[in-house]
Amino acid sequence: GTTCYCGSTLGIYWFAVSSCPSGRGYTGHCGYFLGLCC
């Protein structure tokens, strides 16, 4: 996946998802271009 920033935290960009993939330890997310930054 593409990296992205959620505030000052580096995350992974997921295209066209309504929630972050489960089981990967994500603690939060930000809205990002047509998807989420998790």
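Quick reminder: no glycine exception, Cβ is built from N, Cα and C everywhere.
What Swiss-Prot says about this one:
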type	residues	note
DISULFID	C4-C37	disulfide bond
DISULFID	C6-C30	disulfide bond
DISULFID	C20-C38	disulfide bond
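Overlay of Swiss-Prot annotations on the structure.
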residue: C4; record: disulfide bond; Cβ contacts under 8 Å, 6 or more apart: L10, G11, I12, Y13, C30, Y32, C37
residue: C6; record: disulfide bond; Cβ contacts under 8 Å, 6 or more apart: G28, H29, C30, C37, C38
residue: C20; record: disulfide bond; Cβ contacts under 8 Å, 6 or more apart: W14, Y26, H29, L36, C38
If you rank the disulfide-bonded residues C30, C37, C38 by how many other Cβ atoms lie within 10 Å of their Cβ, the lowest count goes to C30
Simplified to three states, DSSP reports C20 (disulfide bond) as coil
